[in-house]
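K.L.:
Have a look at the structure that comes next, please.
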Amino acid sequence: MPGNSFGKLFRVTTFGESHGPAVGVVIDGVPAGLPLTVEDIKFELEFRRPGRLYVSGRREKDEPEILSGIFNNRTTGSPIAVIVRNTDVISSFYEEIRYKPRPGHADLPFIMKYGYENWDYRGGGRASARETVGRVIAGAVAKKLLMLADTWIAGHLRSLGPEELNEEVTFEEVLCSKYSPVRASKKVLEEKYEALIKKATQEGDSYGGIAEVITKNPPIGLGEPVFDKMKAELAKAIMSIPAVTGFEYGLGFMVSKMKGSEANDEIIRKDNKIGWKYNYAGGILGGLTNGEDLIVRCAFKPTSSIRKPQKTIDLRNLEETYISVIGRHDPAVAIRGVTVVESMVALTLVDHAMRAGVIPLVKLTEEQGNIVQQRWERYVRSCKPMEESQL
């Protein structure tokens, strides 16, 4: 099964299955001298961890174990290997789907490709979103390394089901949405999202949503014409996330309804520098980052595992039947998905920053390491929850 690695210079390989002993990641290409601790990784992992309010009831602690690549809280330049053990596995929930593939899931395509006898039906196996633990671990490393360029990445849930954000949001609000149980950047939206989640849970159903990720101060010129354009690289990275069904940046599909005179973003002087008036392009022109905020959005489909009965085929007799999926599943996978999107944006940007020479390939100087650590600590402090009146 190829296709488990991502990136060229900053290369990430994830491994493990939902109900196997552990999931994990190997990160190759991290320069030596980057300050990095288990706590740095846990900070990001916490926001995709199950067992919290409004997400899957699977109670995993998600404690990362660093196996290699770090010594005295600094990267050594060798591959970084990290695992997270699966400690709350109940495979008995999945005995029924052993013979009844779930609608909306990868069950049947995996059986068709790899063979029924080779299919790990427990929790979805390799197709499970549990795989994204490795992405978030690598994303934490990438986010910290990007602090060398003072590049910050944060996301929020722009819509959930029929409810959506219809007003401007500040980057500070997006940062603080990490502590919203539904990743809302506004208090009024948080209440609407929570009501939807409660309704879906009661009905045995689920909702989809749109995640938006904003990158502040991205290095200029990232991306390589023609086939490695930044928009193409981000699209591939984000579309590889389980349950993601669509991608856009800037104005996205809205530009298809506009005239050129409306969609073109005028070039102006901003703070004694050349810039764009409205950033309609979302920070990418000609496939290159232009220094404006990098704004991407993606659509998550509703969680496929729902209690409502749905038609399927019993593989033992090839007769039509019904399945009601039991177990512990997210009523809206988009909530935890926001952190995964952040991670894939970070992995894409850090790889291109290294290719462009913005980040050193071999090692960080002691001064660079200290700068990174100071900025990282400021980032962590900035993610503290706002007072209710500020949300």
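Placement of Cβ uses the backbone N, Cα and C atoms for every residue, glycine included.
Per Swiss-Prot, the feature NADP(+) binding site maps to Arg48. Marked as FMN binding site by Swiss-Prot: Arg126, Ala127, Ser128, Gly286, Lys301, Pro302, Thr303, Ser304, Ser305, Arg328.
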K.L.:
May I ask for the distance between Arg48 (NADP(+) binding site) and Ser305 (FMN binding site), taken between their Cα atoms and rounded to an integer number of Å?
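P.N.:
Taking the Cα atoms only, Arg48 (NADP(+) binding site) lies 18 Å from Ser305 (FMN binding site).
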K.L.:
Across all chains shown, how many C-beta atoms besides its own are within 10 angstroms of the C-beta of Ser128 (FMN binding site)?
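P.N.:
A count of 20.
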K.L.:
Would you say which of the binding-site residues Arg48, Arg126, Lys301 has the most Cβ atoms within 10 Å of its own Cβ?
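P.N.:
Counting every other Cβ within 10 Å of each candidate, the maximum falls on Arg48.
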K.L.:
So, three-state DSSP: helix, strand or coil for the residue listed as 'NADP(+) binding site'?
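P.N.:
Note: the residue listed as 'NADP(+) binding site' is coil by DSSP, not helix or strand.
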K.L.:
Across all chains shown, how many C-beta atoms besides its own are within 10 angstroms of the C-beta of Ser305 (FMN binding site)?
P.N.:
24
K.L.:
For Thr303 (FMN binding site), just count the other CB atoms lying within 10 A of its CB, please.
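P.N.:
Its Cβ shell of radius 10 Å holds 23 other Cβ atoms.
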